[in-house]
Amino acid sequence: MSLSRTPSDVTPDRVEKSKEAESSPATEDPYEVTLSQAEDPQNIPLGRKWLATLILSLSSVCVTCNASISASASVGVANAFAVSEEITVLALSLFILGLGLGSLIFQPLGEIYGKNIIYRLSFVFLFAFTWPVAFAPDIAVYTIFRFICGFCGSAFLCIAGGTISDMFSNAEVATPMAIFTISPVVGPIVGPVIGGFINQNTSWRWTFRVMLIWIFFQTILIVVCVPETTIQVLLSKKVAKLRKTTGDVKYWASVDRVAGGSVRSALLANLYKPFEILIFDLMSFLLALWNALILGILYLAFQSFPIVFATQHHFNAQMTGLSFLGLLVGVLLALATQPLWNAFMRRKAAAHNGVPPPEANLVMGQAGGVLVPV
């Protein structure tokens, strides 16, 4: 029984691999299991691809909105727990720290166990641990569980892009990836806007009760609408199903015969590999430094805007939150330029035998490098 793909089952950017397979004098194993055309993530109906992309992007907005929304609640938290507003800044800082540390853990787990189970558990735990924040009895519980919430929510910043690249071919992925890429920037901007209206009209605790409601509905959307796209996991499940239904343990997939380490070794490698790249690859270090600077400036705005607009210009909480919409306008204008960059990459691809050079991607960064200080 052969479950291998035929050439017609292969999507355009996978044709090269199929041609290599055809040219090699391989003997076909009747027990080797591969994905059929219908099972290939890139052959998911276009509408479902875009629905999953929008849900993942909205989930990323939800997580990063949760990060920044605490800034609008800082006065209420300080008054409730009799601490200085400087102490309440920890709620934002620890959440961001959790986002960074969690990404190191969830990325390899997503490749081993599948991205869907990580998404679902991420939001289930984010929902569970937001309750102690919303009903915190003291500042210690409030700040500790803010860190845990950041850790749980970090999955969407490290593996959701992989789901999108699994579903779309190289020629199609630029626009959906651009939409997902701006979502971690939109979220922090939306947070103070929502938080400003909440804290102007009710208790600071409703800031996080509203987040609980959002996280709950977001979890349902993830479970219902986001498919599993990790090839290794899809193949492993198919092999397990065939072995169970036929009673024959001879069925196997290529992922079964690839040398790999344990979960422990994968986690350890993922912990040190980013730092190894930063130390030995100067370009990666400089790009990471640039991203850190941009995000640092963005999150600094959540503490500086209230000083500028509330203290100096006497804005109320609602108006101070609305002052962040200027950042959102800039983000949306940047997204509107994506068709221009798509056309630019097509021209580069046409000039280089269909494969644009990696350096072409830096042109967008060069434009941003000029516009940011301006």
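Placement of Cβ uses the backbone N, Cα and C atoms for every residue, glycine included.
Curation does not apply to TrEMBL; its annotations are automatic.
Per TrEMBL, region 'Disordered' is recorded for 1-32.
Here TrEMBL flags 11-22 as compositional bias 'Basic and acidic residues'.
What TrEMBL lists as transmembrane segment is 50-75 (among others). Same-chain neighbours of the transmembrane segment (50-75): 44, 85, 88-89, 91-92, 95-96, 99, 119, 123, 126, 130, 146, 149-150, 153-154, 156-157, 160, 163-164, 167, 176, 179-180, 183-192, 194-196, 198-199, 204, 207-208, 211, 214-215, 218, 221-222, 225-227, 299, 302-303, 306, 317, 320-321, counting only residues six or more beyond its ends whose CB sits under 8 Å from a CB of the stretch.
Among the features that TrEMBL reports, domain 'Major facilitator superfamily (MFS) profile' is placed at 52-374.
Residues annotated as transmembrane segment in TrEMBL: 87-106 (among others). Sequence-distant contacts of the transmembrane segment (87-106) (same chain, at least 6 residues past either end, Cβ-Cβ under 8 Å): 63, 66-68, 70-71, 73-74, 77-78, 118, 122, 139, 142-144, 146-155, 157-159, 267, 270-271, 274, 299, 302-303.
Taken from TrEMBL, the feature transmembrane segment covers 118-137 (among others).
Remote same-chain partners of the transmembrane segment (143-165), defined as residues 6 or more beyond its termini with a Cβ less than 8 Å from a stretch Cβ, comprise 52-53, 56-57, 59-60, 62-64, 66-67, 70, 90-92, 94-103, 106-107, 110-111, 115, 118-119, 122-123, 125-126, 129-130, 132-133, 136, 173, 176-177, 180-181, 184, 226, 229-230. According to TrEMBL, the feature transmembrane segment maps to 143-165 (among others).
Sequence-remote contacts of a segment are chain residues at least 6 beyond its ends whose Cβ falls under 8 Å from one of its Cβ atoms, and for the transmembrane segment (177-198) they are 53-54, 56-58, 60-73, 157, 160-161, 164-165, 168, 204, 206-207, 210, 298-299, 302, 305, 317-322, 324-325, 327-328, 331, 334-335, 338, 341. Per TrEMBL, transmembrane segment is recorded for 177-198 (among others).
According to TrEMBL, the transmembrane segment annotation covers 210-235 (among others).
Look at TrEMBL and you will find 277-302 (among others) tagged as transmembrane segment.
Same-chain residues lying 6+ beyond the ends of the transmembrane segment (322-341) with a Cβ under 8 Å from its Cβ atoms: 174-175, 178-179, 182, 185-186, 189-190, 192-193, 196, 298, 301, 305, 309, 315, 364, 368. Under the heading transmembrane segment, TrEMBL lists 322-341 (among others).
Remote same-chain residues near the transmembrane segment (210-235) are listed as 33-35, 39, 41, 44, 48, 51-52, 55-56, 58-59, 62, 65-66, 69, 110-116, 119-120, 123-124, 126-127, 130-131, 134, 162-163, 166-167, 194, 198, 253-255 (criterion: CB distance under 8 Å, separation of at least six residues from the stretch ends).
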